[in-house]
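*Asks:* Here's a structure for you.
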Amino acid sequence: MKLQFMKILRDLLSNKGKSFLVVLSIAVGVIGVGVIGHTKYTIEKGMNDSISKSSPPNGTILTNGFDPKLVDKIKSIVGVTKIETRGIYDGQIKVKSKGKDKRHKLQLTVQDFNQTKTLDNITPNKGNWPPENGEILLERISLGYLNIKIGDEVWVETSNGQVSKLQVAGTVQHRGKETTTLSKTSYGYINKETSENLNISEYNVILFKTKNNKEKTVLKTAEKIRDAIVKNGYYVQSTIIHDVNKHWGFDIVNSMSKVLQSIGILTLILGASLVVNTTLSIMRNQIPQIGIMKVLGASNQNLFMIYIGYIISYGLIALFVGVPISLFLAKFLTSNSTELLNFESIGLPFSWKIFFLQLIVGVGLPVLSATIPVLNGIRMTVQQALKSQDMNEYPQNRLTSVLLKIRIFSIPFLLTVRSTFKKWFRLFLTVLTLSLGGAIVISVITVYESMNSTLEASLKYNHYDVRIAVSGIHDREQTRELAAVSGVKKVESWQAATGSIIRQDGLTGTEVKIAKPVAGTDLMEPKIIKGRWFENQNKNEIVLDSYILNSEPHLRVGDKMTININGKEYDWKIVGFVRKVAGEVVHFVNHAPFVDEKIGNLSFVHLITNSNEKSVQNRIAKKVKNKFIENHFSVHHSITTKEIKEIQETRANVVILFLIFMSIIMSVVATLGLMGSLSLNVMERSKEIAIMKLIGASDSNLWRMMMLEAFIIGLISFLIGTLLAYPISIMLSNNVGQSLFHANLDYTFSSLGIVIWFIIVLILSLIASFSPAYKATKIPVNQILSYE
Amino acid sequence: MQIEIKNVIKIYQNDENSCIALKDINLSIKSGDFVSIVGKSGSGKSSLLNIITGIDTPTEGEIWIGNEGIHLMKTRKISRWRGENIGVVFQFFQLLPALTVLENIMLPMEFCRKYHPKERRNKSQELLNLVGLAGFEDKLPNQLSGGQQQRVAIARALANDPVVIVADEPTGSLDSKTAEVIFALFEDLAAKGKTVIMVTHDEELANRANRKITIVDGEITQVVDLSGGLMNEITVYENIT
């Protein structure tokens, strides 16, 4: 081995403490970037795999039960390349859990298991396939959610009141459905024979695929299919146009991705500052050796190669350590995705692109940051290089001059303060690291609080306990009479309708639900984010739920909006946007001509009950629904406000848990940064410390000084971190809000976050100072001073 | 305060080799003595000083300073004890660059909590006057010449009014004129009753002490009593007990 490389190797091994610190600092950057990058990559890959395996249709049309001949007619429509049918019905599933009966929401799919389904397909997971008569297959996540096992018996009740006992024959994976974990709805699959016993044997859903995925083609084809359905004497209940490239969990994942991207950039800065900090320190200590080697005849090229090789070696060791740790953490972080997003077992979350980025952070960045000090060192004269370690230098600048004038404190305190500010660039990088860590922690807590207050504000929309969507009922008095069962305190019915937006180019766009709240209702508190709420004198105004911007991003306040309701077009003027983060997407109108014309036949019946208990409210809702069914009205769905809250909290918690994990990583990185910086200071000031020990400094003096230094850095970082947290938290909170709800969150800058971070900083400073202080007390005075 | 060194052996050991730095050293230094230690580079002079000051521990043997057994003292206690009882002066001054001259002198007082906080500044000022550097209080060490820095180092060594002053080549990096001024300061301290132990290469200066000890290869080969400024006795010690 060449002597130059022997030197590199021995330098690495001779000072294990410093080598460890340098490797740790670089590895922290490598880990930070790796965890975020590999996690993001894995989740995105999981979504893409899900999409390609589930083969989503371009559109789904929900209609009433139809004859199989209708399918043949639709197949012949130009532009339709594939068509499949199913029966999809809402119901409830009753399971025995810990000896008690528990009811859960159920969506039951009826399909012919002998025919190969290629659209929105389900794949066998465990147990029997296909299910026999009297058997039900459950989505694999639903089985866990219901806390039952294959072979158990369950009671299934459809919305028409039919009840049947079925045996769970096995599980399937339905990648195209929002998981039960998030939707709180279980998914069951039965064959035709079983469905006949439940009186839901008719197919009511048409899935179609078009010749291409262009929105215009899909919308045009959907329109033709709808026309065909209506022409053949059926009615269209709703049309859902799918973006086939978009996973159902895209909004949640996208919000996390945006958070990851923001934090990723900050981590990169953080990691980079750690790397630059340590690299500069190494080079500073090596400069006298450069002088010696120059005396011995080393050329500039020799020296450059040695020191760049030195830095590369550190980087490679850091990569060797950091990459596996980042993969392990990314695996941990994505492990819940099988449960939350219905991914396959994700294996090792690894992306070459991210590895390349880690390579840049681990090797490229240290080399880059070392280049200038290496070149500076090489350019120094021998004399300058040999003298560079002289301790008798205190930098003279404005800051140090001010510090020299401060006299009111004790000398050890002054010495600590002046030493802290002596290496201002290191201090800057350390403060930057810790401040960013702090800013992220405060921001995460701020996002958490903002999310909570947004959810709370959103739930104020619903001052009712239950909403039941009923069709065919127009008489408000009759509605009130039917809904007034025992336990109901108040009933309020809003006229509603389902229609489709007619775009300016004449194409039928997104399907929308509109409702006309009773004038002066106290059941809702709209949160206007753009424009205004209704002014009663103006007719035909519409206030849209901001979520519509997801599918119709061109809509603006002041635009005219045409909605086709059962074949008739109505115009409204958009006067505002409201943000509602929980429950179904409903837009509000102040005038409902479709009601007068008996075109819209939907009503939202709102109940306020005497009970605050979810189970009691569900029982009351069931009674009311039965009353409607008994009177031959069709109940579409019902939901309690508590259920909406649960669903939203689950969705929000996914993001929040993720943010908390990220902030923990950031805090660890920041602490390591502080610890590293303090340790470097101790190493570089070992002579100073030895002298202090020599003139009487006890271990407790040194401990106090190190802790004080950590606290000073912590305090500065706390102040800067708090300031930085403001813009960062606004950015994060807006990102999360826009991704999840297409509206900003109700931003609340968290004072609790500031207090929490202050406490964390104090504790972290204490922890970070521990190792350097211990090292300081163990500095061997005789060895440090003997070479003099 | 009497210094007693009994049967001290110091062996430096690493994985492969061992090196005997001090071989069975026995020495007694009376309170108020001015002792110079001479010897070639690597003879063991600094090892002996390190052991006297508690910077290093003997492999074998005992060191008593007054009633304190330095060899028995716990590591965490020794710094404070040294700060209070021994003033150390180095060849390269070892002042803290971030502190002004006056602050450098005050630092040992603060570490050892000597004097009332309000008194410390005045005491330090007195010491600075003593070494002839009045007016340099607010200077930083790097703004002073080598001789001036060494005078500050001596003032710092006297900060806690220690009974023993140990100096390792205090004039080694100074020109002869400045060295003379510094040495005069040590003579003055000895005259005032401090025990001064000084390692030096300079035979001429060494001969101005009360006693001169020569070390060769870790052994004391000569102790010369120079009391009264005359070489009135030369003794080769094999073993002093």
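Each residue, glycine too, has its Cβ placed from N, Cα and C.
For A:263-380, A:660-780, the entry in TrEMBL reads domain 'ABC3 transporter permease C-terminal'. Residues or ranges marked as domain 'MacB-like periplasmic core' in TrEMBL: A:428-583. Among the features that TrEMBL reports, transmembrane segment is placed at A:20-38, A:263-283, A:304-330, A:350-375, A:427-448, A:654-681, A:702-728, A:748-770.
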*Asks:* For the transmembrane segment (A:748-770), could you work out the same-chain residues 6 or more beyond its ends whose Cβ comes under 8 Å from its Cβ atoms?
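*Replies:* Long-range Cβ neighbours of the transmembrane segment (A:748-770): 434, 438, 441-446, 448-450, 453, 667, 670-671, 674-675, 678, 703, 706-707, 709-711, 713-715, 717-718, 721-722, 725-726, 729.
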*Asks:* Counting by DSSP, what is the helix, strand and coil composition of the domain 'ABC3 transporter permease C-terminal' (A:660-780)?
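*Replies:* Within the domain 'ABC3 transporter permease C-terminal' (A:660-780) the tally stands at 104 helix, 0 strand, 17 coil.
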*Asks:* From the DSSP assignment alone, can you count helix, strand and coil residues within the domain 'ABC3 transporter permease C-terminal' (A:263-380)?
*Replies:* 101 helix, 0 strand, 17 coil
*Asks:* Sort out the residues at least 6 away from either end of the transmembrane segment (A:654-681), same chain, that have Cβ-Cβ distances under 8 Å to it, and list them.
*Replies:* 17-18, 21, 24-25, 28, 31-32, 35-36, 182, 252, 255-256, 259-260, 263, 266-267, 270-271, 273-274, 277-278, 281, 329, 333, 340, 419, 423, 426-427, 429-430, 433-434, 436-438, 440-441, 444-445, 447-448, 451, 706, 709-710, 713-714, 717, 732, 736, 740, 760, 764-765, 767-769, 771-772, 775
*Asks:* Against which stretches of its own chain does the transmembrane segment (A:20-38) lie, if we need a Cβ under 8 Å and a gap of at least six residues from its ends?
*Replies:* 260, 263-264, 267-268, 270-272, 274-275, 277-279, 281-282, 314-315, 317-319, 321-323, 325-327, 329-330, 333, 349-351, 353-355, 357-358, 361-362, 365-366, 662, 665, 669, 672-673, 676, 679-680
*Asks:* Looking only at the domain 'ABC3 transporter permease C-terminal' (A:660-780), what is the model's average confidence as pLDDT?
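*Replies:* Averaged over the domain 'ABC3 transporter permease C-terminal' (A:660-780), per-residue pLDDT gives 82.
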